[in-house]
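Database features, via TrEMBL:
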- 55-96: region 'Disordered' (REGION)
- 55-64: compositional bias 'Polar residues' (COMPBIAS)
- 72-92: compositional bias 'Basic and acidic residues' (COMPBIAS)
- 165-185: transmembrane segment (TRANSMEM)
- E169, E208, H211, E313: Fe cation 1 binding site (BINDING)
- E208, E259, E313, H316: Fe cation 2 binding site (BINDING)
- 223-246: transmembrane segment (TRANSMEM)
Amino acid sequence: MNPSLSRFVSTSFRVLLRSPSSCSYYCKFVGIQISPSIGLIQSSRALCQSSRQISTTDTSSNKHVPTAPHFKTSETRKKRQAESEIDAHKQDASSSYGTRFNPYTMAHPIWSENEMDSVEITHRPPDGFVDWLAFIGVKTLRFGFDTLSGFSFGKRNEKKWINRIIFLETVAGVPGMVAAMTRHLHSLRRLKRDYGWIHTLLEEAENERMHLISALMVKKPSWFFRGCVLLTQGIFVNMFFVAYLISPRLCHRFVGYLEEEAVITYTKLLKDIDDGALPLWENMPAPDVAVAYWKLEDDANMRDMFRAIRADEAHHREVNHTLSSLKPDDENPFPPGQ
């Protein structure tokens, strides 16, 4: 439909409704036999029908024209266009990555087979009071948790392992988010840029949360377990927030040593699977969310998922030790997703 004709019809519709006689004459002009005595309502209906006849689909050019003039045609058209673009994006993502792909996850490394197999247990020797404080703190927390959870005693089975993984990942997702929030508020308060740290810290927080989500596909925690998580999170979030305000270097070194322990933990887990101590997980398929997130093979099993998680922890180990050695206003050396 010609845009000028569309505006003419829309304007005429608004103006002529104020005068029944004028509306009737206009209806006669467009070829509709309406008597002035019919009144405003029937004349309006006839006018709408004529507008629908004028505004139809142009089959020759395959262009759809709105079927009736509307006061908010432009906004509606923009909204529908945006929705269609989102649908097209989701469809392209599904065709590229499969129906299990989630386009809302942040950028993160995708590990090759060689990278997952080449992860090693490493340790950065403490250097100075801050490093020693962080190192002793991590070792103390590990000893206490292993003792209280019974992990150091008895045989390690699938139940003991999954409980440990779920609980630790609820804690591991806290530092990145708290540090990112603190630096974000710091940037707003000081009216200065952040130098790229926030994005990397948010990526780390989401990555740890995806470890948790993947583990939750294996077991659903009890209400007592959830209560322990709630209590631990309430304490740890506030303590880490205060500590980050005082010394970001201490916090990043603490997380670096914490990730060293995480690599040790997942290496022991993989060894237990290889030694046949966890028969239920030897051939168990990896959860769909894990296959999609790390782009694993379709026949990936639990061992493949834990290899990817261990590679993530080794990466966080490197990132946090590096950030701890930098000044707060130094440029972040890690690009998005790397």
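Cβ from N, Cα, C; glycine included.
No curator has checked TrEMBL annotations; they are predicted automatically.
In terms of Cα spacing, the binding-site residues E208, H211, E313 that come within 10 Å of E259 (Fe cation 2 binding site) are E313. Take the binding-site residues E208, E313: by the count of other Cβ atoms within 10 Å of each Cβ, the lowest one is E313.
Within its own chain, the transmembrane segment (165-185) has Cβ neighbours under 8 Å at 145, 149, 194, 197-198, 201-209, 211-212, 215-216, 219, 221, 225, 228-229, 232-233, 236-237, 240-241, 244-245, 248, 251-252, 254-255, 258, 262, 265, 269, counting only residues six or more beyond its boundaries.
Taking only the Cα positions, the spacing between E208 (Fe cation 1 binding site) and H316 (Fe cation 2 binding site) is 10 angstrom.
Taking the mean position of the Cβ atoms of E208, E259, E313, H316 as the Fe cation 2 site, the remaining same-chain residues with a Cβ inside 8 Å of that point are A172, E204, N207, V255, L258, A262, D312, A314, H315, R317, N320.
Residue environment of H211 (Fe cation 1 binding site) contains 27 other Cβ atoms, counted within 10 Å of its Cβ in all protein chains. Listed in chain order, the extra residues whose Cβ falls within 8 Å of the Cβ center of the Fe cation 1 site residues E169, E208, H211, E313 are L168, A172, G173, N207, R209, M210, L212, A262, I309, D312.
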